[in-house]
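Over in TrEMBL, the protein carries these features:
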COMPBIAS  454-467  compositional bias 'Acidic residues'
REGION    430-467  region 'Disordered'
REGION    490-532  region 'Disordered'
TRANSMEM  7-28  transmembrane segment
TRANSMEM  48-70  transmembrane segment
TRANSMEM  77-94  transmembrane segment
TRANSMEM  100-126  transmembrane segment
TRANSMEM  138-156  transmembrane segment
TRANSMEM  201-223  transmembrane segment
TRANSMEM  244-271  transmembrane segment
TRANSMEM  317-334  transmembrane segment
TRANSMEM  340-361  transmembrane segment
TRANSMEM  373-391  transmembrane segment
TRANSMEM  403-423  transmembrane segment
Amino acid sequence: RCADGAALRWCISGTLCASFLGLGMSIAVLGPTFPTLAANVGKNVSDIYYIFVGRSLGSLGGSVVGGVLLDCMNPSLLLAFSMLGTAAGLYVIPWCKQSLVLTILMSVIGGSMGILDTGANVLALYTWGSEVGPHLQALHFSFAAGAFLAPMVAQMDLGSSTSEELAGAEKTNQSVLRSVPTTLAASTTPAPNDHRNESFLWSYIFIGTYILLVSIFFFALFSKSSSSRDKSKASAQKDKLAKYHWPLVGLLFVFFLFYVGAEVTYGSYVYTYAMVFAEMKESEAATLNSVFWGTFAVCRGAAVFGAAFLSPATMIVMSLLCSAASSTTLAFFAHYRAALWVGTAVYGASMATIFPSGIAWIEQYTVVEGKTASLFVVGAALGEMCIPVAVGYLQGRHHHVPVVMYTAFATSMVTVLLFPAMYKLANWPQQRDSQEVSDSETRKTLLSNSRLTEDEEEEEQEREWNDADFEVVEMNNKLKNSLMDTSRRIAGDSPAEISLQPHLDNALGDPPVVADGSPGRQNGSIDWEKSE
């Protein structure tokens with residue numbers, strides 16, 4: 001049974017990684033297929049930006065709904081249905097001819113992805129508990145790998161690839177918006193050739209079929225698992241709920257908002273920064289962008305093994321220190337080419353492990369259920385939506401200011417300050433409780449020592465009383481023998497011996513009783529008078 005349980009846990013972990021691989025491909029495939037989708041609905045690329053808004057709003061709603069449903073039904077079953085919804089949307093999108101229908105489909109897919117993003121993290125926590133660190137890192141590495149593979153899947157049917165399209169291997173909506181200016185001139189008229197349309201059709205079918213197969217594995221896992229067992233496991237952990245659970249969750253919500261916002265912002269705008277401020281060529285700017293996402297993916301893969309030896313807190317601290325150093329370099333020394341390249345590489349690497357490590361870290365101090373995990377995903381989604389938009393607005397108003405670099409520095413400082421506050425809040429009740437336990441143990445020790453002292457005193461007193469009793473008995477025996485010897489020397493067998501016997505008995509405290517019940521001393525006196 002133990003072997004079967006271990007095999008089931010590894011099957012769950014493998015299926016979750018496969019689902020996140022499909023999630024990464026589903027999000028990133030929109031970049032290289034964006035012009036063709038615009039042509040299908042008879043719009044220019046710049047006129048259908050709202051499909052990203054629809055997908056983001058759907059993701060937010062899916063995260064919230066998924067968090068509620070995870071506390072009510074089996075996680076494997078919920079993830080199976082979410083994968084089915086994603087596959088169905090991907091099957092329909094290539095034939096969509098109306099922009100409104102396309103936006104609705106994007107919202108549905110976004111909702112399914114939000115459920116998957118929330119549910120996969122929670123199911124990994126339920127499955128592995130305190131050992132979840134490497135498995136969460138593997139989960140999010142699979143997402144990065146899927147985002148990297150999606151443009152290759154799209155280009156596989158084209159028979160050609162360009163550096164700009166390879167640079168579209170990014171995991172966010174804003175990374176797609178970055179590629180819009182480079183393709184806008186070529187797509188102002190909706191007339192892509194039939195070969196492009198057919199090829200991208202099959203890329204959506206391919207990814208949808210893959211996700212459909214993964215959903216079948218989730219249904220199989222549901223048949224092997226028990227929702228009641230998952231619920232009992234969750235209810236058994238209720239006593240682990242931290243005293244400041246919701247303030248801690250709120251701080252991590254803000255932490256993820258700034259972290260994911262910074263990650264998405266830099267990945268979205270570093271291409272434009274390289275061309276405008278660093279005066280790079282398009283190929284160099286695309287390479288710089290690829291360096292950021294490449295180091296991000298490589299370090300996330302390395303973190304799968306690093307998490308087996310390092311605690312989540314250690315990994316977060318290391319990432320935050322590297323992020324602070326690299327963002328400082330980018331904000332104040334990016335005009336040097338070497339500083340720009342090295343800072344971009346280190347900044348991408350420092351971003352790789354924070355999100356999965358943050359979830360693994362908070363699981364050590366409190367219970368992470370569906371609603372809690374949904375807040376983390378919502379915070380990340382809000383950061384992904386709001387911060388890049390704010391940076392784009394400010395950059396448009398201040399053309400000569402590198403807003404993206406200053407944003408990286410500011411968000412890095414915020415996260416560096418937030419984590420110590422979270423760590424203190426998570427550990428302070430435990431430190432106080434341990435101090436109270438220590439004080440209680442000290443009091444118990446003192447009380448037990450005082451009781452032992454009292455018991456020893458009582459035993460000492462008992463020993464003294466016993467010794468005194470033995471001395472009294474010994475003195476009585478000596479006195480009795482002395483009187484007996486004296487009486488024998490005085491009278492031998494004379495009647496005086498009789499008169500001495502009552503005195504002896506009185507001296508020993510044990511007067512004899514005669515037949516009529518009167519004391520022997522009175523009878524002895526009468527006999528003595530008669531003899532006289």
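Positions of Cβ are set from backbone N, Cα and C atoms, glycine also.
The structure displayed is predicted, hence computed values, not measured ones.
Proximity of the transmembrane segment (317-334) to the transmembrane segment (244-271) is not established, fewer than 3 Cβ-Cβ distances being under 8 Å for residue pairs spaced 6 or more apart.
Listed as Cβ neighbours of the transmembrane segment (100-126) (distance under 8 Å, sequence separation of 6 or more from its ends, same chain) are residues 12-13, 16, 19-20, 23, 26-27, 37, 40-41, 48, 50-52, 54-67, 69-70, 75-76, 78-79, 82-83, 85-86, 89-90, 92-93, 132, 135-136, 139, 230, 233-234, 359, 363, 368-370, 373-374, 376-377, 381. Contacts between the transmembrane segment (77-94) and the transmembrane segment (201-223): present, as 3 or more C-beta pairs lie under 8 angstroms, all at sequence separation of six or more.
When each of 48-70, 201-223, 244-271, 340-361, 373-391 is scored by its Cβ pairs under 8 Å to the transmembrane segment (7-28), the top-ranked stretch turns out to be 201-223. Cβ atoms under 8 Å from those of the transmembrane segment (48-70) belong to residues 37-38, 41, 78, 82, 99, 102-104, 106-119, 122, 173, 176-177, 180, 369-375, 377-378, 381-382, 384-385 of the same chain, restricted to positions at least 6 beyond its ends.
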